[in-house]
Each structure stands twice: as C-alpha cells, then as structure tokens.
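Feature annotation from TrEMBL assigns domain 'Tetrapyrrole methylase' to B:1-238. What TrEMBL records for B:Leu9, B:Asp84, B:Ser114, B:Ile115, B:Leu165, B:Leu223, B:His248 is S-adenosyl-L-methionine binding site.
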There are 2 protein chains.
Amino acid sequence: MLYIIGLGLADERDISTKGLEIVRKADRVYLEAYTAVLLVEKEQLESYYGRSIIIADREMVESSSDEILANADAVDVAFLVVGDPFSATTHTDFVLRCRQHEPPIPTRTLPNASILTAVGATGLSLYNFGQTVSMVFFTDDWRPDSFYNRIRENADLGFHTLVLLDIKVKEPDLKAMARGKIIYEPPRFMTVAQCASQMIEVEEARAGNVCNKEKLAIGVARLGSEGEQIVAGTLEELTQADLGKPLHSLVLCGKTMHEMEWEFARGYAVDQAKFDEIWKRDYGIQK
Amino acid sequence: MLYIIGLGLADERDISTKGLEIVRKADRVYLEAYTAVLLVEKEQLESYYGRSIIIADREMVESSSDEILANADAVDVAFLVVGDPFSATTHTDFVLRCRQHEPPIPTRTLPNASILTAVGATGLSLYNFGQTVSMVFFTDDWRPDSFYNRIRENADLGFHTLVLLDIKVKEPDLKAMARGKIIYEPPRFMTVAQCASQMIEVEEARAGNVCNKEKLAIGVARLGSEGEQIVAGTLEELTQADLGKPLHSLVLCGKTMHEMEWEFARGYAVDQAKFDEIWKRDYGIQK
C-alpha cells in the first residue's frame, strides 16, 4: 500500500496520530519536498517520527517514481506531503500512475490542513472565495500576467482571491549548467511584498481596476504555526510589509467582503483608519 | 488560552499530535457538534484522548459562550471542531468574541483537513473549483433555490462546484414543542441521491441548463476514512446511488474538466461508457 500522508502546514507535530502510526511502521518513508515546504528541517521530522526519510524531488516523483513504488503492492510505503495531498495536481497524477502500475499499487490518502482553508484565519469566509491563483517570480524576460484574468473573474463576482506565492527549491544554476556543472541555487520564497508589487505592476499595464494600489488585501505568513503573522492593508501598503520568514500567501479582498469579515480583518490592519475608510467606500457590497 | 483545534474528517485519530498534547493538558475540553460531525461517537474520542468532553451545541456556542470562555484568560481551554476550524463562519465569530471579551481571551487555532480540500480525492483539481454552495433539505413549503444562481456563476466560468449537504442534529420536534415538550428529532444527513434529486427538480423549474440530468457529477462519502466511497456519473444516475452512511457531499463538474481529471474520475463511474461519451461531448473545454 502507498500511503500519501498530509503533514499539515507548520512542523513535525501537525501530522495526525493516525499518520504517525503509519510512518512508524512503513517499510520506507519519502518526503515530497518541491511543491511546498514545512517550516522545519528534515532532521527534525526524522527525530520526531523515529524514522529516516528519503527526500523525493520533482525528478524522482514525476519521472522516476518506480523507485518510490518498488514493491509497494506488497509492503507499506509512506509518501509524506506538506499540506493536504490533493492540493497539488502532481499527487493526483501520482495516484493515477499507481492505479495504472503493473501490478496496481493500492493507495490510501490521509488529508490534512491546507493553505486553501487555513487562510480562513484572516477572518474572510471561505464561501466567499473564488478560484485560487498562483504568482510566479517575474524575471527580466518572463512576467506572466495570466493571473490577472483569473482575479478579474473572481472580482467580477465580488469574490476574494487566494494568491499562492512561488517557491524555488533545488533549481539548477543555469550558468553553472552551461559550464557542465550541476549546482543548485539557494531556495527562494516569494514574499507578500514582492507579490503585491508584481500585482500593482501588472495592474498598471492592464488598467482594468482589478488590483490597483488601493485594493484591500491581507498577507499571511507561516499560517498554523505559533509564529503565524497576518497583515491587512492596501496593496500599496503591503509592498512595504515585512512578514518575516516563509511561507507567505496573499488574499486580495473581493467587494462582497461583509461586515464580520471586515471587523475581523481590521484587527490586522497596518493603518486601521485607512482600512476602515476604504472598506466603507468600496466594499461590503451585497450581491 | 482558547485553543480551537481542528479534528479532521473521520475519527479520533485524525487530530494532530500537537492537538492531542493540548487536549490532554487542557483544563476543559469542548466538542462543537452541530456544524459537522465525526464518523465516531463522543465516547470513542474520550477514550482515545483520555479526557471527558463537553458537547457544545449551537445554543451554547452562539448564545452562552461565557461558559466555554470562563477563566480562559488564565487556564487553557480546548474547543474541538470537526474538519478545519475556519471552514464554518460561526468559529470566526467565536474568535472575534474572544478578542472583544473583557478581559480579552487569547486564541490559537490548529488547522486540519477540511472537506473543501479533501474533495481533491475525486481527481478534480482544487484550482478548478469556484465558490462552494450549501444544499438544505427541501420541505413541503421551503424549497430554497439560491444555490442555483451560485452554481451558474461557477458554471459560466467552467468551474466545478462543491455542494455541502445539510445535516440536522438536535433539531427540536416542532409538534412536541407546541405541546410544551422539548424533544429532539433524530439526526438526519442528506445523501448524494437526495441532493442530486433536488438539483434536478430546481433545474426543471429554472431551465437554465445548469444542473440537468445529463450533467456529470461526483458523489463522495466519508472522505478521509478507511471506508471512503466515491461514485461518478450523471446527476440522474446519482439520484439512484447509495453511498451508505454519512457524511456525503457532491461535486458538480464544470465544463473545463480536463483530461487528467476525467481519467481519474472515470475510475469511479457508475457507467464508464456513458461517462466517457458525455465527457467527450460536453466537457474538456479550454478557457
């Protein structure tokens, strides 16, 4: 059996007690470490779980999964995933390959906390969210703005948008590669401030009044951990916000943001008077 | 400190190890038991946690929360919530009242699995979902159809819709009440079949081609538990599906349902040939 076990969001103790029992008994334990990361190192997991853990990078999961699945029709293999297993398409694809494997590998999935619902800690109702979008690091020659249309679809319906921020782990250094060496760049995690800046930049080019400087937004960092941090303000204010260590996410508020959502979120405002003024002027609209 | 601890979806062992430590040390332990229910009885939780648990019904949480919060600025109180704490607005409101309490009660929330992401077990990508809707039990004189407009908003954008199904726990028996007695009706949980029937009924009245008999949908039951069950088919087929014990939910598929989603979901189809035919005819549309 392949057990795909969600680890939740923060540290080694967010695993369920059911998940921990499986990890302790499994024949081999893998940790998928490229679609998301925990806030603690692998060694801390190993010490708490009492097991050594094999890191599964993108190449291993997407191209060499035979190694992970070896003998998994006969023995139990634990495949650990940060957050909730099905929050990344790559794990759905992985389960599909297990089904099509010869012999088929039975799978069982243990759900856990995901940023998609933990974002409710902002006070925004999960029922008022539209589709989730991703924001990638802009480079000099690659500044994809397809997120803009998706946010606009949500905004037209008055919905909030959760924006998931890019992480780069184990990215090859292209210059070193050109010299025939494989060196990995240090990991990078997009901040709330970087995301807010990129949104404003695209708004300036597209001018659709979707994510301009005065839109209200909420930045979150390390949700579900003891050091979680939440900052609310205009997108412009958030370009100056420092939410500390990764992981960060951002929510752009939709026009229907109702009174209780506002009352909760204003507790996190950089400038409460400004937050209140803009909310009263532009938000709280009933559909 | 008031700890609001998500229990996940299935049984007593879906709590995180961090949550369990808090429960074991807390001064008092409450279980919120009206917005959702676990698949096991309170006694099973008490035995595994080694603590006695006080059931908090709607009246206690929404009107008499002083009892729960008594002394919580000085001692630790654990408030257990099925699923993820912020998936129900009532818990957001509860945190807000803690902040406004005199003296203020510090809170900490431990996220956990929610149906909102566990539904990824269907193979449908969470990034292709629009807003979530709720379906209540129709009665002779109350057949609310506001869900229809919300599903249409999603459908217009090609999105899937997660439909959460009504549960009735501790509902007063109105006839007994009229005789001055307080008797509670036995708990009721809507099934996938009932939901599919209600959707088709409203479609017949509204005729907007939003949830007619031939739309593809996926019913799920007891997600995250060992006995989880998933059935895919047309809405008409799902009116005949028996997914057994609660809790059930239903997903209405959106037109953008892409190839990998189809390939995964067809594994659960009542009638695979029909599922394939309809998908090829009406779905897989690129935005």
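Each Cβ is built from the backbone N, Cα and C atoms, and glycine gets one as well.
Remember, it's a predicted structure, so these values are computed and weren't measured experimentally.
Around B:Ile115 (S-adenosyl-L-methionine binding site), the same-chain residues at least 6 positions away in sequence with a Cβ under 8 Å from its Cβ are B:Leu9, B:Gly83, B:Ser87, B:Leu162, B:Leu164, B:Leu223, B:Leu247, B:Ser249.
A 10 Å cutoff on Cβ-Cβ distances gives B:His248 (S-adenosyl-L-methionine binding site) a total of 25 other Cβ atoms nearby, all chains included. Proximity to chain A (CB-CB distance below 8 Å) holds for B:Leu9 among the binding-site residues B:Leu9, B:Ile115, B:Leu165, B:His248. In the three-state DSSP scheme, B:Leu165 (S-adenosyl-L-methionine binding site) falls into the strand class. The Cβ of B:Asp84 (S-adenosyl-L-methionine binding site) lies under 8 Å from the Cβ of B:Gly6, B:Pro111, B:Asn112, B:Ala113, B:Ser114, B:Leu116, each on the same chain and at least six residues away in sequence. Within the same chain, the residues at least 6 positions away from B:Leu165 (S-adenosyl-L-methionine binding site) whose Cβ sits under 8 Å from its Cβ are B:Ser134, B:Met135, B:Phe189, B:Met190, B:Thr191, B:Val192, B:Gln194, B:Cys195, B:Leu247, B:His248, B:Ser249, B:Leu250, listed in sequence order.
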